[in-house]
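According to Swiss-Prot, the topological domain 'Periplasmic' annotation covers 1-6, 53-69, 117-156, 236-244, 293-301, 391-401. What Swiss-Prot records for 25-32, 88-93, 180-212, 268-276, 325-367 is topological domain 'Cytoplasmic'. Look at Swiss-Prot and you will find 7-24, 33-52, 70-87, 94-116, 157-179, 213-235, 245-267, 277-292, 302-324, 368-390 tagged as transmembrane segment, backed by sequence analysis.
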Amino acid sequence: MFHLDTLATLVAATLTLLLGRKLVHSVSFLKKYTIPEPVAGGLLVALALLVLKKSMGWEVNFDMSLRDPLMLAFFATIGLNANIASLRAGGRVVGIFLIVVVGLLVMQNAIGIGMASLLGLDPLMGLLAGSITLSGGHGTGAAWSKLFIERYGFTNATEVAMACATFGLVLGGLIGGPVARYLVKHSTTPNGIPDDQEVPTAFEKPDVGRMITSLVLIETIALIAICLTVGKIVAQLLAGTAFELPTFVCVLFVGVILSNGLSIMGFYRVFERAVSVLGNVSLSLFLAMALMGLKLWELASLALPMLAILVVQTIFMALYAIFVTWRMMGKNYDAAVLAAGHCGFGLGATPTAIANMQAITERFGPSHMAFLVVPMVGAFFIDIVNALVIKLYLMLPIFAG
């Protein structure tokens, strides 16, 4: 086994991103279907490591100590760039999107349990291949698998959960681009151009140019560091209470409170462009690390019936995004970008959703509403409603005892 330390892993992640960029610009298929650069590069590296593992018996182990801080830094930038006025304006849209998301959670579990029963598997495996890991991700999967082991005696719950979450992360990044590209073509907005081309003015005067200087970067890094520090403290204080929240949600909300508080007091205005640059860097590096570190041989160990459930879930996610998400959200360009985001966190995670949306907006134009709604629902509300839906399913007679 080869072990790469923190710095070597960072080098590998940056090279993976550059490789992904080269691939997307060189391979017409990837460019045509708007595959995110971290997904393209990360998957190629993961496949290369799989070949090394199977042919030579070599395994490369990465030091992922930077991965979680990078993810938290990304969510901090989402919070710092959110202003209260925009949140109020997006209230109705957030409500509609949340209803759409709840519908998917219910259907994912119904499909998982139905397919598991049809294939003669434990219904708990169907739940693990449902909203627990697909909409919930690795963290939610790990948390629920512990409960399944202790309460239901499902000894392989953790392995199944991690494999399903990994599969979902990969597919979530792959189907978002093609789905959105199809929807943009059929959008009610002429030529796929977004209705909202206005420059966001939450913290910036669009007519006044500002440089991203070293001082601005230091100020922005300080704000992000404060969000991470305070967010972790808040998460620890809430742990074990009825108000317990994942750390990244606490970090996001600290960012919202910090930026709006400073703005209201007139003490400091967050430089949106600098925050966005650092957020994009954090997200790209996080995704590169997450994907290049995938142990694809763990997917190969999944039984064919489990793979069958996951394939059905993936097809259903794409159809749901096209026929439900896009239509419910208005059948316009914003709705198409939202659908791409829904594919991302409906099968994988919120960072995958953001990467999907970035890949679309870089090509077709901005969608301020999508970048406001998806992080709010995907990073906060999804954990709450998913837990409620899962608990309701566990009350069914098939899970008694």
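Yeah, the Cβs are placed from backbone N, Cα and C, and that goes for glycine too.
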Range from 213-235, 277-292, 302-324 with most C-beta pairs under 8 A to the transmembrane segment (7-24): 277-292
Contact yes or no, the transmembrane segment (213-235) and the transmembrane segment (245-267), 3+ Cβ pairs under 8 Å, gap 6+: yes
Listed stretch, out of 70-87, 94-116, 157-179, 277-292, that has the most CB pairs under 8 angstroms to the transmembrane segment (245-267): 70-87
Residue counts (helix, strand, coil, in that order) that DSSP gives for the topological domain 'Periplasmic' (117-156): 28 helix, 0 strand, 12 coil
Candidate ranges 157-179, 277-292, 368-390 - greatest C-beta contact count to the transmembrane segment (94-116) (under 8 angstroms): 368-390
Stretch-averaged pLDDT - the topological domain 'Cytoplasmic' (25-32): 83
Residue counts (helix, strand, coil, in that order) that DSSP gives for the topological domain 'Cytoplasmic' (25-32): 7 helix, 0 strand, 1 coil
Best-contacting stretch, by C-beta pairs under 8 Å, relative to the transmembrane segment (33-52) and drawn from 70-87, 157-179, 302-324, 368-390: 157-179
Segment proximity, the transmembrane segment (302-324) to the transmembrane segment (70-87), 3 or more C-beta pairs under 8 Å: no
Secondary structure composition of the topological domain 'Periplasmic' (1-6) [DSSP: H/G/I, E/B, coil]: 1 helix, 3 strand, 2 coil
Helix, strand and coil residues within the topological domain 'Periplasmic' (236-244) as assigned by DSSP: 3 helix, 0 strand, 6 coil
Per-state residue totals over the topological domain 'Periplasmic' (53-69) - DSSP helix, strand, coil: 7 helix, 3 strand, 7 coil
Other parts of the chain folded back onto the topological domain 'Cytoplasmic' (325-367), taken as Cβ under 8 Å at six or more residues beyond its ends: 34-39, 71, 74-75, 93, 96-97, 99-101, 104, 108, 134-135, 137-138, 165, 168-173, 175-177, 179-181, 183-184, 186-189, 192-197, 280, 283-284, 286-287, 290, 313-314, 317-318, 373-375, 378-379, 382
Long-range neighbours of the topological domain 'Periplasmic' (117-156), counting only residues six or more past its ends (CB under 8 A): 101, 104-105, 108-111, 162, 164-166, 168-169, 246, 305-306, 308-310, 313, 317, 345-349, 382-383, 386, 389-390, 393-394, 398-399
Same-chain residues at least 6 beyond the ends of the topological domain 'Periplasmic' (236-244) whose Cβ lies under 8 Å from its Cβ atoms: 250
